[in-house]
Amino acid sequence: MNELKVRLPQSSVSYEIKIEKGLLQKVGKEVAQLTKSRRVAVITDRNVDSYYGARVEQQLADEGFEVSMIVLQPGEQTKTFSMMPLIFSQLIEAGLTRSDVIVALGGGVIGDIAGFAASSYLRGIDLVQIPTSLLAQVDSSVGGKVGVDLPEGKNLVGAFYHPTQVIIDPEVLNTLTDHYFADGMAEVIKYGCIWDAAFFDSLSKLESRDAVMTEIEWIIARCCDIKREVVEQDEKDKGMRMLLNFGHTLGHAIEAYYHYENITHGHAVAIGMATLTEISEARQLTEAGTADQIRHVLKMHQLPSELEDPKAYNDILSFVSKDKKQLNNQLHVVLLNSIGSAATHQTDVSFFESLRTGGQDH
Ligand code: GLY
């Protein structure tokens with residue numbers, strides 16, 4: 001088993017991340033070690049519930065837990081502020097008190113909404129994250145960002161609220177479609193780009209999903225360890241943590257332009273990483289050849305490096321200027337010096353101007 005410990009001096013909390021194939025079979029014992037309580041609410045979605053809900057419920061029941069399953073609709077539309085009263089009602093109905101536990105069993109959406117529920121229900125109760133998508137295993141389940149969307153935009157309400165443990169079983173990735181496996185690989189590749197050239201190199205040698213799966217425990221552990229290192233130094237996302245947004249400024253704008261429907265997060269980030277690096281290479285801010293290396297590894301992992309319809313950039317750029325990560329009205333993009341080394345760069349939307357084409361009719 002790979003075990004990592006995240007220590008956050010600013011919040012005086014620490015928690016473990018455990019990574020092992022088959023760990024879901026031991027989930028009852030793991031949760032039992034974390035709490036004296038024997039009442040738990042598992043928040044999940046219908047898809048994950050159909051694969052893993054009964055197994056997790058049984059494991060917890062075997063350890064003497066009274067388990068309530070709260071099963072939500074799958075998809076980003078579930079992650080809204082308007083869902084919160086329904087979740088709180090179900091937690092009250094389940095009789096959850098301040099000493100009990102919420103288990104988030106699912107991908108990024110479930111981790112975010114269940115985490116937000118845990119942060120605010122009775123002013124905060126224990127949270128165990130059991131991420132089931134690759135994206136959630138390497139990114140969103142670690143670092144304490146939880147939250148929901150408002151009609152005005154994504155992730156506009158939330159908290160930094162850390163779990164008491166993250167339990168990662170890479171075997172659950174076997175039920176992901178190739179599309180969503182690739183989606184998670186975009187974030188995996190991102191860690192290589194911003195932090196670890198040797199890791200990036202290893203990823204460029206794993207030529208298939210099966211090859212990745214043979215190394216998966218180590219791959220997830222490396223990503224979580226990089227995130228740990230970053231978050232320990234900048235828990236509240238005021239400095240170094242922004243490096244984790246490499247490719248995300250453009251990626252978020254692409255997702256918003258397509259109404260979060262026709263493109264998924266990892267695919268948009270993949271295009272963002274490659275496109276941004278082409279621009280920064282042309283401006284001699286990034287070592288020549290870096291964009292090519294990124295495009296190569298993205299292709300190997302079934303990810304795009306460019307938008308199918310480049311004319312869309314004429315409209316996508318207006319979403320870049322709305323990026324909520326702007327500080328004091330300045331846009332901070334993350335650029336690579338070379339593979340494995342990144343820095344933030346203060347600019348404005350004109351940085352992306354070369355993406356505009358003349359072919360727009362309005
Ligand atoms: N997903 C980026 C972060 O946690 O800061």
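Keep in mind that glycine also has a Cβ here, set from the backbone N, Cα and C atoms.
Per TrEMBL, the feature domain '3-dehydroquinate synthase N-terminal' maps to 70-181. Marked as NAD(+) binding site by TrEMBL: G108, V109, I110, G111, D112, T132, S133, K145, K154. Marked as domain '3-dehydroquinate synthase C-terminal' by TrEMBL: 184-325. Feature annotation from TrEMBL assigns Zn(2+) binding site to E187, H248, H265.
With a cut-off of 6 Å between Cβ and the nearest atom of ligand 1, the binding-site residues G108, I110, D112, S133, E187, H265 reduce to an empty set.
K154 (NAD(+) binding site) sits 14 Å from H248 (Zn(2+) binding site), taking the Cα positions as reference. A C-beta separation below 8 Å, combined with a sequence spacing of at least six in one chain, links S133 (NAD(+) binding site) to G106, G107, G108, L173, L176, Y180, D183, G184. Candidate binding-site residues: E187, H248, H265. Nearest to D112 (NAD(+) binding site) by Cα distance: H265. Note: the Cα of I110 (NAD(+) binding site) and the Cα of H265 (Zn(2+) binding site) are spaced 15 Å from each other. Annotation note: K154 (NAD(+) binding site) sits in a strand segment as assigned by DSSP. When other Cβ atoms within 10 Å of the Cβ of I110 (NAD(+) binding site) are tallied across all protein chains shown, the result is 30.
Shown are the binding-site residues K154, H248, H265; of these, the residue with the fewest other Cβ atoms within 10 Å is K154.
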